[in-house]
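Since the structure comes first, as structure tokens, the remarks are kept for the end.
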Amino acid sequence: MTGIWDVRITDTSLRDGSHHKRHQFIKEEVGAIVAALDAAGVPVIEVTHGDGLGGSSFNYGFSKTPEQELIKLAAQTAKEAKIAFLMLPGVGTKEDIKEAQDNGGSICRIATHCTEADVSIQHFGLARELGLETVGFLMMAHTIAPEKLAAQARIMADAGCQCVYVVDSAGALVLDGVADRVAALVAELGEDAQVGFHGHENLGLGVANSVEAVRAGAKQIDGSVRRFGAGAGNAPVEALIGVFDKIGVKTGIDFFDIADAAEDVVRPAMPAECLLDRNALIMGYSGVYSSFLKHAVRQSERYGVPAHQLLHRAGQRKLIGGQEDQLIDIALEIKREQESGQVASRR
């Protein structure tokens, strides 16, 4: 399939969607989804726990099915698509990378907070030694200026990363904010590495932001069929393909086949639709890491406080991925205010 696209699409519904499903995928679902996406022409399918290799834990949530078994199943099922896996240094290990490759994964996507690219250096080195394709994720990209993001991308590229992504983890970037960051990375990296974009729908701009990214020079774009991802979900792949078809951007994915996959295969595996509701909007507006949604809902139910207030305060505190446990502190703070008669502020 190489060479039939202007932009390469990675479907992340079996990784980012794991957040929405509370990491409860079973083999039958993964096999069916991989087969449908592969048949539609999706070139890359990401499969892992929502928080990457090794993410199954008390802090992030336990997987129903071991992720390495799902990676192996996906690789055995796909006829054309490559299987990607995500790892976060400090969550996953180098041994996890080796095992994922042994199970058929061929693209290693390494994610760090957008100011901490240096922690990925040894992992990129290992991935390249193993012959894996490498992708870097600079998460929460809305929190730093384009030129600073580009400097972090340079660290990843020099370490062996072949494509660095601007990752809008909170769905907080708006159009020009995406274009400016992608353009800054393109200018910095030149021919040394490609640039990608990973969006969320928390302000309803996942598709529009992806178009802006491509126009600014991005060569790889993430999405999830049926928006199956954290928060309000990712840019829906079926919509991305429809839009890219209309503006003349080749993806190699058949629009009708991917629309069928979204409706007939992916939707039945989802616990519910990914909604652009108040909680999701608050995350986009306040700049909250999208995977906080389910954690906030759980603490809301546990302590009897509004989830949207938890999320807004998480944004005020500038919490990042890995700090989900601080939602408990925020919930207790709001609970004390309620009991003392104070009205929790939205601002």
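For all residues, glycine too, the Cβ spot is worked out from N, Cα and C.
Note that the coordinates shown come from a computational prediction; the quantities given were computed from them, not determined experimentally.
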Residue from HIS198, HIS312 that Swiss-Prot also lists as binding substrate with ARG15, ASP16, SER169, TYR289: HIS198
Sorted by sequence, non-ARG15, ASP16, SER169, HIS198, TYR289 residues with Cβ within 8 Å of centre, substrate: THR12, HIS19, GLY50, PHE137, MET139, VAL167, HIS200, GLY229, ALA230, ASN234, SER290, SER291
HIS198 (substrate binding site) and HIS19 (active site, proton acceptor), Cα-Cα, nearest whole angstrom: 16
Output field, Mn(2+) shell: CB within 8 Å of site CB centroid, site ASP16, HIS198, HIS200 dropped: THR12, VAL167, ASP168, SER169, GLY171, GLY199, GLY206, ASP222, SER224, GLY229, ALA230, GLY233, ASN234, ALA235, SER290
Per DSSP, three-state class assigned to HIS198 (substrate binding site): strand
